[in-house]
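TrEMBL annotations:
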DOMAIN    1-394  domain 'Major facilitator superfamily (MFS) profile'
REGION    1-35  region 'Disordered'
COMPBIAS  14-23  compositional bias 'Low complexity'
TRANSMEM  49-70  transmembrane segment
TRANSMEM  77-95  transmembrane segment
TRANSMEM  101-124  transmembrane segment
TRANSMEM  136-162  transmembrane segment
TRANSMEM  213-235  transmembrane segment
TRANSMEM  247-267  transmembrane segment
TRANSMEM  273-292  transmembrane segment
TRANSMEM  304-325  transmembrane segment
TRANSMEM  337-358  transmembrane segment
TRANSMEM  370-390  transmembrane segment
Amino acid sequence: MEDDEDPTTSCQTSPSNSSVVAVPGGGASVPGGSREAPKIEGLSGKGGVLLAVKFAVEIVVRPLVGIVVGRFGHKSPLLVGCVLDAAATIAFAFVKQFPLLILIRMVQGLGSSVTYVAAVTLLAERFKDKKERTKAFAVAFGGYAVGMLGGYSMGSVLYQLLGRLAPFLLQGGLKCFDAGLRLLVVCPTAEGTDDDNKSFRISRFLNILKDPYIIHALGFAFVVNFSYSPILAMAPPWLLQRGAQEWQIGVLFVVSGVVQLMMQEVVKRLSKILDNWILAASGLLLFVTAYISYPWTRSVWEALAPNCILCAGFAFVMTVVSPIVTNLVELRHNSEIAQVLGLSSAMLSLGFAVGTSGTGALMAATTFEWACYLVAFVCILYACLCLIMICHPVPEECTEEKSDGKAYERCPSDEE
């Protein structure tokens, strides 16, 4: 799966004005001096826009990509997504005009959307057994964690040592190599290759969206990133106010990323003996523990424990979110897997956007402590819903649409 690294990381300004910061227009800001403050603030706003544009594109495009993948399969979208992503990454190295950067960022969002939806659909259709499917997603998102862990640090080091072009060109080269590897992938043939099974019917899709179990799973996808993303926006400025240095905050997130990577392996093993809803509830309860304890820390090293707990919880929930959605669609509707996975990935992007912007505004209006407690409260509520799913077996859907548009009964009791 794609390591969703953001080339715009080098375009962001640091919360502290005392650091050397990479900017979109090339060059670094001068440490310290008040003369640079207006320029830095303006670039911070532009960096925020660049980050937000990608998520906005993903929210809109991913459901549509799910429809395309469901109709035409996932091999071609995997290649198209990689080509778009590679082209956008290389273009970032040479373009400096902000409107063009926005356009390139939108192309990157399109490429990442196509790749992500096609990749999770590939895994969902390749691994039919629930336990094996969860194990496969754990391995895939372990690669995602490695990309997040190494991508940001690699980009910043290359930028400082070799200049602006180096990180983008290297990443673009890696994506071209990835495209070559994708050409070697033999994608499995989905069951029912006739045109009727692959055609998209809006009535069947809307029927799935009315399913309360599917709605619950999509809500869980939203809560996953809504609960994880706030700390990325709130923690750095809060720790800087308590005397933390920027390199210490960097070490904090690197160590937390290592913990997340280790927990992916733990979740892979636990998935063999525990239900996905148990793992989901466990991850949300880890979120609750982290957000309740975070405000009580007084230094960056004290914050290491809750930050690691948060990343461990993210490993739990991110591993099981796609298998949960896929299993529900197969159990109750036996179709439209790609379309619903496209919706769930869009909910992940929406959760990230709302989590970062909403809690950031809440923190500005109240305090860091109250923002953390609110996120913990949301996690507790959804953890309770996950526990209800454990105690209440999901029934199979009793109607399914035929090719002629009529419905017929397929309840297990009727078959007996």
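The backbone N, Cα and C atoms fix where each Cβ goes, glycine too.
Below 8 angstroms of C-beta separation, residues 216, 219-220, 223, 226-227, 230, 234, 275, 277-278, 280-281, 284-285, 287-288, 291-292, 294-295, 355, 359, 362-363 of the same chain, each at least six residues beyond the ends of the transmembrane segment (370-390), sit close to that stretch. Only sequence-distant pairs (6 or more apart) were considered; of these, fewer than three Cβ pairs between the transmembrane segment (101-124) and the transmembrane segment (247-267) are under 8 A, so the stretches are not in contact. Averaged over the domain 'Major facilitator superfamily (MFS) profile' (1-394), the predicted model reaches a pLDDT of 78.
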